[in-house]
Amino acid sequence: MQDRFIRSITQLPLPLADALIPLLHQNFAGHIDAMQLAKLTLASKMTEAEVLLALLPIAAALAKPPISEFYVGAIAKGKSGDIYMGANLELPGEALFHSVHAEQSAISHAWLSGESQIVDIIVNASPCGHCRQFMNELVDGANITIHLPAQESHSLAYYLPYAFGPKDLNVVSPLLAKQQTEFVLDSSDPMIIEGLDHAGLSYAPYTQSFAAVVLETHDGATYCGRYAENAAFNPSMLPMQMALSNLTRHNREFSDIRRAVLIESSQGKISLVGATMDALHTIAAVELEHIVVDPV
């Protein structure tokens, strides 16, 4: 079991903890598939809803909040039945807008894993307005069920009445809907090819600034992030922040980063290079490789 879970595992009911420990191996990064979840539910003699709430301390253990020191864990349940953990991330000494909220982390985890719809969000603190707006961008977002400890479950529409969302800006394919943009780039670099694929899967209906970041660590592992825009603009999730959230979920340190690549469309209304460099230079002595590509 990873050291970061030693304290949080003691907060779980013993039968659930015993069943969960084998999953918390060195490569565990917060994903539990539907079959594993069913086994946890059976072994613990709890309902699935009870298990998901009980797992929140494990999700919160993924957090990296050096500024607030407030650990928030979230779990996104996909339509597939799989669950995806996420946690808040703050960059030391950097502006607060670089922060990643736990709900964003969990949703991006699900998106990067191929989920096309989120049906439930479980979180240990009431979603802030920023996160409510972020969730409203999702496929059938208004009907996502929000679960909080010791509170009744409600749909997102309950938490965000009279919402402004993608439909108000004539966007018919919301975040997580299957869509892809093709780009032209001649490269044999596996890291750049990976970034190009993720840029094509990014979500930028408001600026057309499709983009992705790939981070490579000293052992050759790569961690990707995609741009995820929002109808309200400010709650948009930048690809560097998504990549850093991905990296920390995998229990890697910022000091492990040896290479960073940003790929973005030449036809976008904005560029993410400045914000991406700001975040990168805060946490790693690595120069950003910036590649601009043309859509097909």
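Every residue, even glycine, has its Cβ placed from backbone N, Cα and C.
Taking H, G and I as helix, E and B as strand and the rest as coil, DSSP gives the domain 'CMP/dCMP-type deaminase 1' (47-167) the counts 42 helix, 26 strand, 53 coil. Per Swiss-Prot, the feature domain 'CMP/dCMP-type deaminase 1' maps to 47-167.
If you look up Swiss-Prot, you'll see ASN88, LEU89, GLU90 marked as substrate binding site, on the strength of sequence analysis. Other Cβ atoms within 10 Å of the Cβ of ASN88 (substrate binding site) number 25 in total over all chains.
Taken from Swiss-Prot, the feature Zn(2+) binding site covers HIS101, CYS128, CYS131, and the record attributes it to sequence analysis. Around the Cβ of CYS131 (Zn(2+) binding site), the same chain contributes HIS101, ALA102, GLU103, GLN104, PRO235, each under 8 angstroms and 6 or more positions distant in sequence.
Here Swiss-Prot flags GLU103 as active site, proton donor, drawing on sequence analysis.
Sequence annotations record features per position, and here Swiss-Prot assigns domain 'CMP/dCMP-type deaminase 2' to 186-296 based on sequence analysis.
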Residue counts in helix (H, G, I), strand (E, B) and coil for the domain 'CMP/dCMP-type deaminase 2' (186-296), per DSSP?
36 helix, 32 strand, 43 coil
Taking 8 Å from the centroid of the Cβ atoms of ASN88, LEU89, GLU90 as the cut-off, which other residues in that chain fall inside it around the substrate site?
ALA63, LYS64, PRO65, ILE67, SER68, ALA87, LEU91, SER99, VAL100, HIS101, SER105, SER245
Can you tell me how many other Cβ atoms are located within 10 Å of the Cβ belonging to HIS101 (Zn(2+) binding site)?
24
Given the binding-site residues LEU89, CYS128, which one is most crowded in terms of C-beta atoms within 10 angstroms?
LEU89
Given the recorded positions GLU90, GLU103, which one is most crowded in terms of C-beta atoms within 10 angstroms?
GLU103
